[in-house]
Amino acid sequence: MQRNILWISVVAAFGVFHFGECTYQDSGEDSSSMTEESRCDGPPHASRGLMNIPGWFYDGSRDQCRRYHFPDQQFDMAKNKFKTVTECRKSCRSTVPLQCFKKPPQTIRTMGLPVSTYNSTQGECVTIAVRPGQTGPNIFRREVECNETCRDPEYGKCAPLHIVDCGGSTGNHYNLDKQTCEKTTKNKCGPFATLEDCFKRCARYIQRKCNIPLLKSEYCDIVDLRYWYNSESKQCEEIMGCADDVYNFPTAKECWETCSSKEESRCLQPPDLGKLGIGRTRYYYNITSNRCLTTTHVAFWQNTEKKNNFKRRSDCENTCRPKHKDVKKL
């Protein structure tokens, strides 16, 4: 894997580093009235050095504070370079209360009272149980209050309130109920000029990422293999992407199991293995390891066209492990 990559121009590689995630991740939101707008513009601040200093930067296209490793430890208050996610949120995402990222204490449902809290990892207000009389950050008695305080401000342009009446049909918008981006209907104006802009901003709120165009984050901290579901070919394709991408899947298994089925793809069927250990060499797809492995078959006359059993390795690879044309080896 590689780190600190600009997708437009690959300029450096700094090794590998894995890090833990917050309980409630930063799912992103619009902040048009930012207190330090210039600091939040553009790419993560590029500087010289050989260090790997963890920090954060604000990604305007995703409207999200993202992890990044910088080559030096100088944090300039005027640059898109932050020591903590809280500092980034205060500077670039000030329209969303910081309480919306707090995880409140919970108790057993049978002993507590149901309240609503905003889960920024899921991008929605969920019901939890708290002790009777419990108050504090990110605890709301009603879901509508949670939506108004946290969800809608964080969704920003993806929120329903950004679709307004107008004289003609203009722009595109995010349909919260359908969880997809679409062209705005007649006499309504959407906040996005293109569907791609909408998906870039709102894809993090889509739970089933099976109809999202091929998108990649412009700036990468860690470059890794990712898996994108091609809704036309109905296959999970291997691509190069960021480890924290919100447009695709981290594993082929998750991609196949989310977007396809045993009836639709033989790649999801249990492997058709030979039982005698003799016969002609055949191939099957192991979805867990994402590999095409060998087996043997005596009953070569059987029709295996719809089974997880392939005559040639290339047939297995092309069917279950297709690579998008831009994929390069790490």
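In case you wondered, yes, glycine gets a Cβ from its N, Cα and C as well.
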Whichever of Cys210, Cys220, Cys292 is disulfide-bonded to Cys259 when Swiss-Prot is consulted: Cys210
Member of Cys198, Cys202, Cys320 annotated by Swiss-Prot as disulfide partner of Cys267: Cys320
Cross-link partner of Cys292 (disulfide, per Swiss-Prot) out of Cys255, Cys316: Cys316
Candidates Cys150, Cys158, Cys255 - disulfide partner of Cys202 as recorded in Swiss-Prot: Cys158
For Cys236 (disulfide bond): DSSP state (helix, strand, coil): strand
Candidate with sparsest Cβ neighbourhood (10 Å radius) among Cys181, Cys210, the listed disulfide-bonded residues: Cys210
Cys150 (disulfide bond) versus Cys189 (disulfide bond) - Cα distance in angstrom: 24
Intrachain neighbours beyond the domain 'BPTI/Kunitz inhibitor 3' (158-202), with Cβ under 8 angstroms and 6 or more residues off its ends: 28, 30, 61-63, 151-152, 208, 211-213, 215, 247
Of Cys65, Cys158, Cys189, Cys198, Cys255 (the disulfide-bonded residues), the residue whose Cβ has the fewest other Cβ atoms within 10 Å: Cys189
Neighbour tally for Cys242 (disulfide bond), based on other Cβ positions within 10 Å of its Cβ: 21
